[in-house]
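Annotated in TrEMBL:
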- 21-42: transmembrane segment (TRANSMEM)
- 62-80: transmembrane segment (TRANSMEM)
- 148-168: transmembrane segment (TRANSMEM)
- 180-200: transmembrane segment (TRANSMEM)
- 212-234: transmembrane segment (TRANSMEM)
- 240-261: transmembrane segment (TRANSMEM)
- 282-301: transmembrane segment (TRANSMEM)
Amino acid sequence: MIGVCLPLITRSVPALHPDRALFAIVKAFSSGVILATGYMHVLPDSFDNLSSPCLAEKPWHTFPFTGFVAMLSAVATLMVDSLAMSFYRRVSGSAGVVDHEMTPAHGVDEHGHGHGHGHAHGHGLAMSAVEVAGKDGVAADVLRRYRVIAQVLELGIVVHSVVIGLSMGASMNPCTIRPLVAALCFHQLFEGMGLGGCILQAEYRTKMKAILVFFFSTTTPFGIALGLGLSKVYSDNSPTALIVVGLLNASSAGLLNYMALVDLLAADFMGPKLQSNVKLQLWAYIAVLLGAGGMSLMAKWA
């Protein structure tokens, strides 16, 4: 909860405003954490689950299901990404509403220069209070993109959080649980910061922000409570548990890897802010490596 709320609360701090360099560096660090979570934690866990000797030789040991499901998950995430953007564009385009109070002083000129959208007043730049954060002058398409990213990223993190919570709650070994708590707190904190940054950029209303924060904050404790409740009957090594958890981990890994690389890192590093400032770009790369490195080190314990 602290991690996901931190970007939302610190918006009033000028240095941490989304337009500032420090926000880009912190977001790059959090994106590195999310990337390492997918590659160093979720994906290896899925390989372990689906290659367990407790599973039948056929089909689980004759085909790399983890890689296959992760690949399909990444493609499915791309489809959701693309179709959601098309849907939002169609809905907002059919509304045909233009906010005439949107002036060049708010960051959008009458031809839409600098945003890569249409030229006319009624095409691609139809802006309303919901679509555009008037204070920041964010173009409608960019804002829709931020909203899709926030929702899809939340989905991937929620699935992963329930699974790790379940495993932790059902664990009977105190030597495993103690380092696991520290590792989970670290990566949930910075995973939350990355998600919080996306929610902040999406300019949601208070109700929607509260819903996203609530689900992120409660899914791991819910998984732990579920694991505690099922500890008498749940076994990590039962074939059913291995298959279900393994497939969920593979799906989550594909989604997280796609989101981290395409929607977070590539979008930021190929965007105008970092492309126009090589020094900031280098600091952001260092932040990514630190985030990914720290999260990778956690794989030693969890």
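Note that Cβ sites are derived from N, Cα and C of the backbone, with glycine treated the same way.
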Region pair the transmembrane segment (240-261) / the transmembrane segment (180-200), three or more CB pairs under 8 Å:
no
Closest-packing stretch to the transmembrane segment (62-80), where packing means Cβ pairs under 8 Å, from 21-42, 148-168, 180-200, 212-234, 282-301:
148-168
Counting a contact as 3 or more Cβ pairs under 8 Å, with residues at least 6 apart in sequence, do the transmembrane segment (212-234) and the transmembrane segment (148-168) touch?
yes
Do any residues, 6 or more residues outside the transmembrane segment (282-301), come within under 8 Å Cβ-to-Cβ of it, and if so which ones?
21, 24-26, 28-33, 35-37, 40-41, 44, 179-180, 182-183, 186-187, 190, 265, 268-269, 274
